């Protein structure tokens, strides 16, 4: 049995099937000679050429890439303490003992064969003596089994435990140093989770290298050394010859190993393109549906999968040939040694047992060396990872100063004196150049300027996130470099537009690591107008927030951030565009809290909207890193300089004059060559920049520039508006009607994870508190990925939330009850039935050879004992020739098995992926709103679940056929030779099977618990890194470390149980293997002793069952794998079989030739599928005539964007109808319907491709002239033409970065090119700054000109200058409707919403 595991049961380590390869390799849809079985028979030229080409590419890559830096192996254990060294020494001794046990068994196996051979003596006394000897040997094997149990247990337990202990120290040190780094580190390496993923992956590599891999290496080296010793002790000549053939076997495996690992890396890269296409399509599903590009996405995905064909086929080819030659050479080597062995038997220099022991001891020794060598890859990876981590651990911060001075009292006088500054990640770009600024104590100074003026860099310098390149930053006359860093930051309160919340309670987030009583925290919350909404929560201040808890609206986050600053009671206050992402009502509430906070404090305000800082004590105007103007609002207006220009530009976006614009549909040569910066002090890009040094005008207290120009440079730390806009407690996310997104630097947008609901009582129901109440009353809610709308909870809910959840859960449970049948899986692979037949033939042949080889070897050994002279030579020569022929056939059988089953699996994986992706794109938008169907989750399903289908069928079918034939042939041989011993072997089968299954299930269960703990620990770190600026500003690093160490301690406590459990399971399973072999031996001895079988029969049957034992167990050992992947299999067919609630492909639906554009929402009730308890629209009715432009305004969460979602038919109403030209939308073909609508979203979706492809995404057959005309109409042609590659410029990942305004103009050009009769605009300019907003507004004005039906969602007055009607929403109902003048006369909600645009004289203004 042990022999079979070493030679024919285990795959050599370098030839183990590469799971990652199968997970990414994708055969193409189109025919290929690689997939044609007949193509291979035509010659090997194509294959050889492909291999040669692949090898050449890999060599080129190796030449270009220098070897990575690594630490010495001994340094991996730098964090080990005395207890760790004890664990490693004990574990090493146990590993060596465990590795030696198999070879020791072989030594006794030789004795068993000798005893069996001599037990044929007729002497009764000698026969009894031999029987007693066999019983003793059986007991010896039992003792070996006990030793294996103990040593295996100790080996695994010690190495797992010490690995967890040492890596816990490494993690702790890494995180400690990471949190103390200056911000330039995060600018260089990113702070979006990459650092966290690096530490997680690197620590796992180090843990593997210094724990179980070391134990495995010692184990296998012990097998190697002891194998040589036993081999040479038994028969040194046979051992030496066997050793001489080893390099050929190793070479066969080594060559294939090189190709396999290189091809595995290449195929991962090849699949990355397909994965990117799928992720984009799913992430931007609304845009994809709006432009009806499902077919394009499916075609692109299927085409990109073709790239993996070459590598997938090569992998199957290399795997088949590599395994074939490795096994073939091993079998041929065995034939050679047995043939040579007859000479030593004939000469009396060795007996059969010694030859067998020497032969297999050396073979197992060689395999042990191979397995030991495979650990070097893990050692190298661990050393490389350790270099990266240890380099970080020894890195010192350039701004750390814990030994600096502490001022006795702080007045709050701040001065920037001749400051020069550049970000370390972009040293060639000057941000500040000779900057001077003085902030008097207890005064508020607002910094304004264009993008790239450097204003956003002032706060990081004040917080000492960075140090100036030249110059000084002074606090009360003292250079802040000389001050103790932690003390300095404790004097500064920071409130940002994007406040950070750790995954803690609200109480802990407000305290943020400081010792504060609950009364103090509540008082701070009251001052921040946050106490009321916190108290309304079920758990109040103990409510968990952050990624692992309750989701907060942006307004609520800002209030908590203000409360945090209030509790700090700082002398200096830094406000970084705090209200930039809020709507006007929410802005008013937050501004009141900020006004209280600013009293008596030195304050620096970074502002984008100039209307908010008119009351500041001083306003500092910046341009190109210098201070060019400074004074009060009135002084700067009178000056007529840059501030006046910026204010004029901002006001132009509020009350723009109507510009005569021709209908572009009437003129094919319409030109829009207007200056995009007109009226804003922005020069034409083609104009030369004339920059003169600003001069200080004495006497007026004002800086005046001699000449100004536009600086297009942006600071690395962009402070973009938050993606969520919030109102007061009675209001909610402005993007509650929309899809919450996180903007990334690669121009992609990633949907936020699922956000649970926040229920807050309506203002009418609130108790009296310090917070002002909102005049509106929708509930605060937040929703995950879809266009959420938030409304108050109506008294007539459609269904009970509990009932809904219960029903949903029951439905899912019902779906999970039934697993896909074997025949369902077989149907997927039916097109590859020929490959399956050829692969099955190879698997059957190779599986049968396992017991047949044991049978023939047993016959040779028998001849050693019973034959003499010429008869011995003839018999041994005959059987050795048969063994050699079996070796040759093994090469062919392995090639057939692995090559053709590999092709079958690759095509099956590709087909399943295409089916899944196609099925995903059939589903309605509501399906994607479910947290289980997030873009990341669905992308992972495409990448992994399809390979699980392959693994559950193709790969496992191959093994099952192989092992089944081994079992069948072994049982047939056993039953024919002696049924008694066969029954004993069958009786041990359930024991071995249950042992294997229990071991795998046990290990999986404990590993899952440890992995979950590591995941929770990583969340703590990831939260801190993502919010590193806030963590550092509030000196919360110690709090983060405390939380992280608590998680590590939990992991260590669990690892003790984890290591002991795994060690016990492993050792016990090994014990059963040896013990069952001992039982089989005892029964063999008993059968021979009592005359039930002859000598030759006993030796033959014992060896057959010994060789076949592993094959008997392995098919049953697959059960845990199948059970583990059951959910993945079900997931595949759940997606494929799902029937969408909104059918997109109903060819019988209406496709009328003309669209007049009349839209009506009639008595509509609507709630989002994931939030059925929240009624967003209630009995809602709205009628829009064809060609009419209607603006929809309202507070956050009133249901504005939901209207667009219903018109696009992303969702169907719960009650009522949505009509187009008098017909229900449900009657129209869905793709036809969407093809007649043009959608412009607040956050423009820009795909990672060229500008050209982004524009023609709307119409792929558009000509060059049509595309450029659309860009001109969208005011995009000018900036596109100025780019080096023009329309072929690649944007997004690995391309240029565009401003939000430029992205929006490209998105508008896309809609212009579509030329749809219905235009839907969803707050398209709300997140764009004033400079770009006017240019975008002009493009939108042009877009809606002509006979088009337009629905306009807006909260800016500039968006409503061309509208025919204005509809005001609140709580899912229309509360006001009419023109601007009529609504202004009512002095209602519309007036309150628009008042920040016009001031108190709103009713006197008219929109012309």
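Yeah, the Cβs are placed from backbone N, Cα and C, and that goes for glycine too.
Note that this is a predicted model, so its numbers are computed, not measured.
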Annotated stretch (transmembrane segment, per Swiss-Prot) among the listed ranges 1040-1060, 1103-1123, 1124-1144: 1103-1123
Annotated range (Swiss-Prot: transmembrane segment) out of 174-193, 194-213, 214-233: 214-233
799-819, 820-840, 841-861 - the range that Swiss-Prot marks as transmembrane segment: 841-861
Per Swiss-Prot record, range annotated transmembrane segment [choices 983-1003, 1004-1024, 1151-1171]: 983-1003
Of 1062-1082, 1188-1208, 1209-1229, 1230-1250, the range Swiss-Prot labels transmembrane segment: 1062-1082
Annotated transmembrane segment segment (source Swiss-Prot; candidates 23-43, 44-64, 65-85, 86-106): 86-106
Inter-residue C-alpha distance, residue 452 (ATP 1 binding site) and residue 1179 (N-linked glycosylation site) (nearest angstrom): 48
Inter-residue Cα distance where the pair is residue 293 (N-linked glycosylation site) and residue 451 (ATP 1 binding site), in Å: 35
Distance [Cα-Cα, Å, rounded] between residue 456 (ATP 1 binding site) and residue 1179 (N-linked glycosylation site): 47
Per DSSP, three-state class assigned to residue 451 (ATP 1 binding site): coil
Distance from residue 1179 (N-linked glycosylation site) back to residue 450 (ATP 1 binding site), taken between C-alpha atoms, in Å: 46
Residue pair residue 449 (ATP 1 binding site), residue 1261 (N-linked glycosylation site) - Cα distance, angstrom, rounded: 43
Rounded inter-Cα distance in Å - residue 1261 (N-linked glycosylation site), residue 293 (N-linked glycosylation site): 13
Per DSSP, three-state class assigned to residue 1179 (N-linked glycosylation site): strand
Minimum Cα separation from residue 455 (ATP 1 binding site), reported as the residue among glycosylation sites 293, 1179, 1347 that achieves it: 293
Among 293, 453, 1179, 1261 [recorded positions], residue with fewest other Cβ within 10 Å: 1261
Cβ atoms near residue 452 (ATP 1 binding site) (within 10 Å, other residues, all chains): 19
Winner by Cβ contact number (other Cβ atoms within 10 Å) across the recorded positions 451, 456, 1347: 456
DSSP three-state assignment for residue 456 (ATP 1 binding site): helix
